[in-house]
Amino acid sequence: MGKEVGVAEHGSFTAKDYHDPPPAPLFDAKELTKWSFYRALIAEFIATLLFLYITVLTVIGYKSQIDTTAAHGGDQCGGVGILGIAWAFGGMIFVLVYCTAGISGGHINPAVTFGLFLARKVSMVRAIMYMVAQCLGAICGVGLVKAFQRSYYKKYGGGANELADGYSTRVGLAAEIIGTFVLVYTVFSATDPKRSARDSHVPVLAPLPIGFAVFMVHLATIPITGTGINPARSLGAAVIYNQEKAWDDQWIFWVGPFIGATIAAFYHQFILRAGAVEALGSFIATPMFDNCKKSLFFLCFLAND
């Protein structure tokens, strides 16, 4: 038998055919001396740059194709449509997570990094540096779009996330929280060591559901916020587009995803991956409890400011 799993009298497993990795240290200065750490930062930077370049270019291309006032005579039924935009975002995440998972973990999103940090999957040093690399990559990616599509970029909104007319701030914030919860929950489930042990023969299994999660969330929330669920994506577009509306709504695309990531981390780590009573009892004694508490207090402060 390749995997020895005993079953107890009441149906519980007496041995595991997988191993949970040890919690990442909160602060690990040794990472700063390793080339693998900087290689991961480069991978996150390039992946986020490519993600923003392809997706924002798709959004601007679609808007130019349906613009009936343009000289080329747009067709309102033309272009890739919302379905195509959603596929661009979801498809790029699938491709980029597949390419970078073995190097950096394929985060490509500060909300994903934040959720994994709360679950002690990455150290604080790595989490902060990943977020910086992701944001810089996003800014550069949108900058490339503007450089190649200068005549269309400002005219068609620069791919910036903004709360759509007719929707309240609460609705937009809720859409970002729920959308990011779906994404980060999928990331936790797809990369769970228990699942990986059983599905190791299918190397694309983790990137595929993550990409589909992004696709489905975009279908649901593009009409509301343009779909952020990725603070780096929203920041990169806002920096290059640099219009008041995009900046006024920017906090929604940070507070919402970070709250959604926090809820997803708690739900997966302490509800699904442990007995509820056991988990709640031990949770208070863990560093993650302090991280969650401080993060939620800070996010609520920003939301009420």
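Just so you know, glycine gets a Cβ as well, placed from its N, Cα and C.
These features come from TrEMBL:
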TRANSMEM  40-62  transmembrane segment
TRANSMEM  82-106  transmembrane segment
TRANSMEM  127-148  transmembrane segment
TRANSMEM  168-190  transmembrane segment
TRANSMEM  202-224  transmembrane segment
TRANSMEM  251-272  transmembrane segment
Winner by Cβ pairs under 8 Å against the transmembrane segment (82-106), considering only 40-62, 127-148, 168-190, 202-224, 251-272: 202-224
Stretch contact, the transmembrane segment (251-272) with the transmembrane segment (168-190), Cβ-Cβ under 8 Å, 3+ pairs: yes
Contacting positions for the transmembrane segment (127-148) when only residues 6+ beyond its ends and CB under 8 Å are counted: 37, 40-42, 44-53, 56-57, 60, 104, 107-110, 113-114, 116-117, 158-159, 231-233, 235-237, 239-241
For the transmembrane segment (40-62), sequence-distant contacts whose Cβ falls under 8 Å of one of its Cβ atoms, 6 or more beyond its ends: 79-81, 84-85, 88-89, 92-93, 96, 99-100, 103-108, 126, 129-130, 133-138, 140-142, 144-145, 148-149, 152-153, 156-159, 232-233, 236-237
